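Listed in TrEMBL for this protein:
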| type | residues | note |
| --- | --- | --- |
| TRANSMEM | 44-70 | transmembrane segment |
| TRANSMEM | 82-103 | transmembrane segment |
| TRANSMEM | 109-133 | transmembrane segment |
| TRANSMEM | 293-319 | transmembrane segment |
| TRANSMEM | 325-348 | transmembrane segment |
| TRANSMEM | 360-379 | transmembrane segment |
| TRANSMEM | 442-461 | transmembrane segment |
| TRANSMEM | 482-505 | transmembrane segment |
| TRANSMEM | 511-531 | transmembrane segment |
Amino acid sequence: LGSVIAYFTSAKFLLYLGHALSTWGDRMWHFAVSVFLVELYGNSLLLTAVYGLVVAGSVLLLGALIGDWVDKNARLKVAQTSLVVQNSSVILCGIILMVIFLFKTQLLTLYHGWLLTLCYILVITIANIANLASTATAITIQRDWIVVVAGEDRSKLADMNATIRRIDQLTNILAPMAVGQIMTFGSPMIGCGFISGWNLMSMCVEYLLLWKVYQKTPTLAHKSAKVEASELKQLNVKKESDVKPAEGVQLIIEKDVADFEPQQEKEVGCAARIAEPFITFRDGWVAYYNQPVFLAGMGLAFLYMTVLGFDCITTGYAYTQGLSGSVLSLLMGASAVTGIMGTVAFTWLRRKCGLIRTGLISGVAQFACLILCAISVFMPGSPMDLTVSPFADISARLFENKPLPTIAPPEPEMIFATGMPNLLNGSIAPANSDPEMIPEPVPLISVSLLFAGVIAARVGLWSFDLTVTQLLQENVIESERGIINGVQNSMNYLLDLLHFIMVILAPNPEAFGLLVLISVSFVAMGHIMYFRFAQKSLGKQLFVCHTPDPKAAPDSSPPGNTSTV
């Protein structure tokens, strides 16, 4: 009984609890805000698209600056500030949305509708601020606090990373389902009120939990402001020859700092203040490029350039191929299960083969499963026809002066846990009343293979994601964790943005097969980058699988970890 009580009061469990509350609120909000924006703007996806573009662009441009802010400030201050800003922004957004739902008719008549437009701009701006604060929270908790709480025990760090990811998987399915039921049986306004109330309560509890974790982990109070040789070891026991170059870097940096101190005493001019964010942005990307785990991070980012996931694009395509909303919901549940299996596989493989080899095995497993998706493109039932122009329907409507189709209100079962309504729901989706649009049993072979590959690939995907996450945690020096992980987030968003642009350029189902092949190619390129990183790190030991010593696993520390900004 004593050990059970000790676990439930430990810093590790309190960190899990705080993360679960935070993630639950995040998933509910990301899901609901997209639906709210669709309903508010005449059942059109315009506001949702603008919101997605603003969010992706903001993280892309400000990721390095957010990470730099995380590095330069005390841990508790960063965590509490980002927590308060994030939850306060969501609460404020919820209140504004409730006002819009209540007085939308009146707002349309005031100032020729400009007041309503201003409300839309406010909602998107404040929601974007909430997302940036959420990014800061994720960097400081998942990339910094968790490393400090784990201490020198790398096995404990791996287990904590896997548990955090399992929490993500569960909340990604359950939270949207919960808020979706409230919105279905209540109303959007009740949904806004519930989310605002939840975030207010959650903010108070999370604030207390952060303080408790901080008290139980005294090392969180000590944060390095400059490069030290001890930091370069991180969680690895390095050879004498590996430490000496790091000491040389320390001497150079200390000399530079000593030379620079008199200049800091001078008053900083206005131009320098204006240029500072741009310099930080540049230095962050340069530091990211100079990291020994750069290729591994790039490999992870390339996996975001894909339509082979349970986002609005893939589920919308499946709906046009005859799969119902209930079937797709079951498939999403299966993908969550395989994702959790991936976290279990990660911890087992890391113990048996070491961290870097775990990434290789996970990459091979993911790519092998995605081969099924590539095969599905050429199977019976695949609509791929590259002779059909992607813009044929749009051009016809423009020349005939017909309005483009709008999106009908999404039914509850067609709203998925991705935080986005189905893009191809409503009037764009095939009508069930038309017997010619109902597919024969045989054509389902193609879409079945597609989703079999996507679901099976989640095991390798999440295991690979955890591998790269831990490599960044272990091999990025403490004073650069924030800015490096901020740039990593920017890279992820950049490739994710490119995948949406790819869909915009080829939006029709006949071109989806081509998008699948491009996606598989990008996944392959990502894993080739990781293979090159592993080859540099392990050399001839790359394919020698052994059970590593838990105290010192040399295969998780790339040589020459001497990067500086």
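Note that the numbers count up from 1, one per residue, in the order the chain is shown.
Yeah, the Cβs are placed from backbone N, Cα and C, and that goes for glycine too.
Remember, TrEMBL labels are computer predictions, not curated facts.
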Please check if the transmembrane segment (293-319) comes into contact with the transmembrane segment (109-133), where contact means 3 or more CB pairs closer than 8 Å and the residues in each pair are separated by 6 or more positions. no
By Cβ distance under 8 Å, which residues at least 6 away from the ends of the transmembrane segment (511-531) in the same chain are close to it? 295-296, 298-303, 305-308, 317, 359-360, 363-364, 366-367, 370-371, 373-374, 376-378, 382-384, 386, 388, 390, 450, 464, 468, 495, 499, 502-503
Per the Cβ under 8 Å criterion, with at least 6 residues separating them from its ends, the transmembrane segment (360-379) contacts 299, 308, 342, 345-346, 349, 353, 445-450, 452-454, 456-457, 459-461, 463-464, 467, 513, 516-517, 519-520, 523-524, 526-527, 530-531, 534, 542
Does the chain bring the transmembrane segment (109-133) near the transmembrane segment (82-103), so that three or more CB pairs sit under 8 Å (pairs 6 or more apart in sequence)? yes
